[in-house]
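Asks: Following this message is one structure expressed as structure tokens.
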Amino acid sequence: MQNNLKRRILISVLVVTGIIVLYAEIFVWSMAYFEDREVTFPQGLQVVVESLTTSGYGGFSPWESDFMNYFVLIMNLTGVVFVFVAFPVFFLPFLTNAIEKSVPTSVKKSDHVIICSYSAHAEVLVKELNSRNQDYVIIEAAEKKAKELLLAGLSVMKGNPESEVALEAAGLKRAKAVVLNATTDKNISIIFSIRNINKTVKTIAVLEDEEMETYHKLAGADSTISPRQLIGKSLAAQVPAISINDSVEIDTNVELIEIDIQEGSELCNKSVKQANLLEKYHLNIIGAWQNGEFQSPVSTDLVLKSKIRLLVAGDREELARLNKKAEAKIRHFERNKVLILGFGLSGQAADALLKTKRIAIKVVDIREKEGVDIVGDIRKAATLRQAGIEEASALIVTIQDDTMALFATLLARSLNGKIHIIVRANKIENVKKLYAAGADYVQSLATVSGRMLASSIFEDETSLAAEKQINLVQLPAGKLLGNTLSKSNVRAETGCTILAVIRDGKKISGMDPNTFTFGDADYVILAGTDESIRKFEEMFVN
């Protein structure tokens, strides 16, 4: 930016000087030829400068010839043009450069997280870090992007994350953790630079392909995450035939699962209170997804309409019984066929998981490759019909382009009104659009990776279900000491649900809310959104 400004200044000075000299020569010649008056060159320069600056003409006016009048007018207009040209070319960049914050090239931080390069994964991670009041800095090589991030209010510094100089300037020796978010070759180069400076700092790498994990570990990474494969498995787990298996074990007897409310089931169109879920099944309803929005806590007046997804915790046998009540009475198991659109890393992971459940699968991709059954454009009805869309029970869309996924979802819904559509969103802002297009379940790739990174960084908060849209965390009971569950009123005050208590290394679940009292060294396993967990920390831990 500075070099570009200097070049503009030099060109502007040369052009203006050239025009002044030229006009002065023309003025001297014209006065002798048209006005029959001798004028020296310095006097000519004076007139030109007076004309260009529109400040007056002294004793040389008026002029009798038309040429001289026109020429003076041209000089006046040239001066005006100079003002309008000089402002955007010179003054505006100069003022912008002066007003804009300059991106720092070093930071003075400690116990912070260093993020090497910014992306959609990093965007979600930053939100997670802010929710936990965790300091961080992003190292960004491109100055333009670094300035954009700075203006957006993010903590950023300019530098090449592969450079030891930049890493030291980012406070690597004092850092809590480093997150690598680049290509495999750059990640490995960064890891070597990190280990040359700090042998012990926690280093976490985001992988495009989980097969690259070995190379990252050999280079010195402490942990890796493979969001594409994980989201593929997670999407496959949303297929109704295996939804009961998408669970997180909290205790040997207590689990957390998602349950779909299906049209025609016993629970459909009843409120939580009317269905008597809490008393009849002895469950904790953590929250509910409706049109892509997560609600927690759930009101007992919530009507369980078709496509609502409940997140509940309870005894495994009770959960299985509830899941049957949420299913339609007539299940067309002969139509238990799943289509996968897109056979990249996510599609392959979904395919591998579904094959273990003996589910009929058809894979569609734009390119011919091993494992693909039908090659074609998923935006065309003929392609989907060839794959058997009208007879399929579920559709998984895992493609790189969200716009194309939107078209495929719209088309699939029009061809099969009852099919269960499960979609991967590459950008968070497209989640609601995909729901509006007819998707039953949408999961954001950036959200999954961001939450996984946060879970890897914070060892004191053990995330048990990073791929879900809520967090399960383990925190000290803190100010709950001496209180019962009912007296503490945690759910009403924070929106969190206490699922279990850890006392002397053992998990306790199914506590009586009126008699169970929290002890001095107890830990609680909480379920809730980022905001609700932050409220719990502020009220009971900090």
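Cβ atoms are placed via backbone N, Cα and C, with glycine included.
Heads up, TrEMBL stuff is auto-annotated, nobody curated it.
Per TrEMBL, the feature transmembrane segment maps to 9-32, 70-92. Here TrEMBL flags 110-227, 335-443 as domain 'RCK N-terminal'. Annotation comment: TrEMBL describes 244-328, 459-542 as domain 'RCK C-terminal'.
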Asks: At a C-beta cut-off of under 8 Å, are there same-chain residues at least 6 beyond the transmembrane segment (9-32) that contact it? List them, or none.
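Replies: Distant Cβ neighbours of the transmembrane segment (9-32) are 38-41, 43-45, 47-49, 51-52, 60, 65, 67-68, 71, 75, 78, 82, 86, 89-90.
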Asks: Please count the residues of the domain 'RCK N-terminal' (335-443) that DSSP assigns to helix (H, G, I), strand (E, B) and coil.
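Replies: Secondary-structure composition of the domain 'RCK N-terminal' (335-443): 43 helix, 26 strand, 40 coil.
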Asks: What does DSSP give as the helix, strand and coil breakdown of the domain 'RCK N-terminal' (110-227)?
Replies: 55 helix, 24 strand, 39 coil
Asks: Sort the residues of the domain 'RCK C-terminal' (459-542) into helix, strand and coil with DSSP and give the three counts.
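Replies: With helix first, then strand, then coil, the domain 'RCK C-terminal' (459-542) has 24 helix, 24 strand, 36 coil.
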Asks: Averaged across the domain 'RCK C-terminal' (244-328), what pLDDT does the model get? Just tell me the whole number, please.
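Replies: Taking every residue in the domain 'RCK C-terminal' (244-328) and averaging pLDDT yields 73.
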